[in-house]
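S.K.: Sequence annotations record features per position, and here TrEMBL assigns domain 'Thioredoxin' to 1-104. What TrEMBL records for Asp23 is site 'Deprotonates C-terminal active site Cys'. Annotation comment: TrEMBL describes Cys29, Cys32 as active site, nucleophile. According to TrEMBL, the feature disulfide bond maps to Cys29-Cys32. Taken from TrEMBL, the feature site 'Contributes to redox potential value' applies to Thr30, Pro31.
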Amino acid sequence: MAIIHANENNYDEVVKEGFVIVDLYGENCTPCMMFSKVIEELNYELDFINVVKVNTTQNESIAAKNDVTAVPTILFMKDGEVMDRHIGFMNLEQVKEKIGQYLY
């Protein structure tokens, strides 16, 4: 699994192909920090999944484009299209269940 830190310069490029989880997070956000640990666990179990992390404080245009109203906002994307979104913390099992809906 690759964890890619995206910004306005590379966001469209890194989400345009394949299945991607986008973690739109905020600075000093406790649920966001907790979700980062879930991403680390996911890295061990499903190393073929790419995760794109976007700091919404530094990349407001990406947050606006994705209608982010709260953080964390987690997008499940395939070939640049949002398949599903979740607002708030997700545990590892919830993330794996969502992945299963779109990949298997």
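From the backbone N, Cα and C atoms, a Cβ is placed for every residue, glycine too.
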S.K.: On the DSSP side of things, how many residues of the domain 'Thioredoxin' (1-104) fall into helix, strand and coil, could you say?
M.R.: 39 helix, 30 strand, 35 coil
S.K.: How many Å lie between the Cα of Asp23 (site 'Deprotonates C-terminal active site Cys') and the Cα of Pro31 (site 'Contributes to redox potential value')?
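M.R.: Just about 12 Å between their Cα atoms.
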S.K.: Cβ-Cβ under 8 Å from Thr30 (site 'Contributes to redox potential value'), same chain, 6 or more residues apart: which ones?
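M.R.: When sequence neighbours closer than 6 are ignored, Thr30 (site 'Contributes to redox potential value') has nothing within Cβ distance under 8 Å.
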S.K.: Does anything in the same chain, at least 6 positions from Pro31 (site 'Contributes to redox potential value'), have a Cβ under 8 Å from its Cβ, and if so what?
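M.R.: Sequence-distant Cβ neighbours: Val71, Pro72, Gly88, Phe89.
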